[in-house]
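Student: Checked TrEMBL, it gives:
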| type | residues | note |
| --- | --- | --- |
| DOMAIN | 45-296 | domain 'G-protein coupled receptors family 1 profile' |
| TRANSMEM | 27-51 | transmembrane segment |
| TRANSMEM | 63-91 | transmembrane segment |
| TRANSMEM | 103-124 | transmembrane segment |
| TRANSMEM | 144-166 | transmembrane segment |
| TRANSMEM | 208-230 | transmembrane segment |
| TRANSMEM | 242-264 | transmembrane segment |
| TRANSMEM | 276-298 | transmembrane segment |
Amino acid sequence: MTAQQNGTISIEVSDFLLNCFVRSPSWQLWLSLPLSLLFLLAMGANAILLITIRLETSLHEPMYYLLSFLSLLDIVLCLTVIPKVLVIFWFDLRSISFSACFLQMYIMNCFLAMESCTFMVMAYDRYVAICHPLRYPSIITDQFVTKAAIFILARNALMTLPIPILSARLYYCEDNVIENCICANMSVSRLSCDDVTINRLYQFAGGWTLLGSDLILIFLSYTLILRAVLRLKAEGAVTKALSTCGSHFILILFFSTILLVFVLTHVAKKKVSPDVPILLNVLHHVIPAALNPIVYGVRTQEIKQGIQRLLKKGW
């Protein structure tokens, strides 16, 4: 399709080509197998966790409902990103339509923000459980989980909606090769012939508003938890309290660390290969999804016992 712009004729592209690891093409070969295994692990582990929580009545509690919600988010994020990346690695099918690209962009931004928000709610759950144990049953109820889920969905669905809309309204001419494995907002927007200042500003402001506020509240919750735990004098109370929120903290720390590394590599992009942020971006959509159910399965006795009971029934 051709279009007239600034007195010259240019070709308006109708789809994009995802070009993974331009400077390190050999990465595709050695990444395909571990990425496939991580994807299968993430899908399998989250499915087992969801089935266990669904079938075990002893796990029908607010904390485990939040964990189920986190697993669903992980599954959607994985399915949105990893299959397309693997198809590129295996069959070199790099083409992606406009609509599919902007849909992927929206889901990635929206569900990543939802995951961050879910961690924040889970941190609040642990704060109430440890700092106000007597009030926990009256505060953290099924109704609370329902309201929290509606808040997570509404806040992040609405706040991230302008990202693909701003990118989709841009005029794309001639160059349609995205130097990325996924339809990241700025990787797509920089192909446009238009000014992308608004896109950059909204991505920056929206990202720090959503993820930044969540991380601040998570940090505050765990600071209050640590202060309350250090005041406990009963024998074994400190160990038990730290154990109940240890799983949450490990996963939140990993989630935050990989995001921080991703941001730092972008800031220092002149000193780091441009393929490194692309690799981190892909891994961020599969490694936390694979780790979340495993960490909870290993560290949470109730889930471990629930899985064992289901396996015995299955046999």
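Each residue, glycine too, has its Cβ placed from N, Cα and C.
Where the annotation comes from TrEMBL, it is an automatic prediction and has not been curated.
Keep in mind that this is a model prediction, so the values were computed, not measured.
Buried or exposed, and what's around them? Tell me for each listed feature.
Tutor: Residues 20-21, 67-68, 71-72, 74-75, 78, 82-83, 85-86, 88-90, 275, 279, 282, 286-287, 289-290, 292-294, 296-297, 303, 307, 310 of the same chain lie 6 or more positions beyond the ends of the transmembrane segment (27-51) yet place their CB under 8 Å from a CB of it.
Residues 18, 20, 28-29, 31-32, 35-36, 38-39, 42-43, 46-47, 49-50, 53-54, 104, 107-108, 111-112, 114-115, 118-119, 121-122, 125, 129, 140, 142, 145, 148-149, 152, 181-182, 282, 285-286, 288-289, 292-293, 296, 302-303 of the same chain lie 6+ residues outside the transmembrane segment (63-91) yet bring a C-beta within less than 8 angstroms of a C-beta in it.
Outside the transmembrane segment (103-124) by six or more residues, the chain places 63, 66-67, 69-70, 73-74, 76-77, 80-81, 84, 96, 148, 151-153, 155-157, 159-161, 163-164, 167, 182-185, 188, 210-211, 214-215, 217-218, 221-222, 248, 251-252, 255, 285, 288 with a CB less than 8 A from a CB of the stretch.
Within the chain carrying the transmembrane segment (208-230), a Cβ under 8 angstroms from the stretch's Cβ atoms is held by residues 112-113, 116-117, 119-120, 123-124, 126-127, 130-131, 155-156, 159-160, 237-238, 241-242, 245, 249, 252, 256, 259, all 6 or more beyond its ends.
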Student: Counting only residues 6 or more past its boundaries, what in the same chain has a CB within less than 8 Å of a CB in the transmembrane segment (144-166)?
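Tutor: Same-chain residues near the transmembrane segment (144-166) but 6 or more away: 62, 65-66, 69, 102-103, 105-106, 109-111, 113-114, 117-118, 121, 185, 189, 198-199, 202-203, 206, 209-210.
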Student: Give me the mean pLDDT over the domain 'G-protein coupled receptors family 1 profile' (45-296), rounded to a whole number.
Tutor: 88
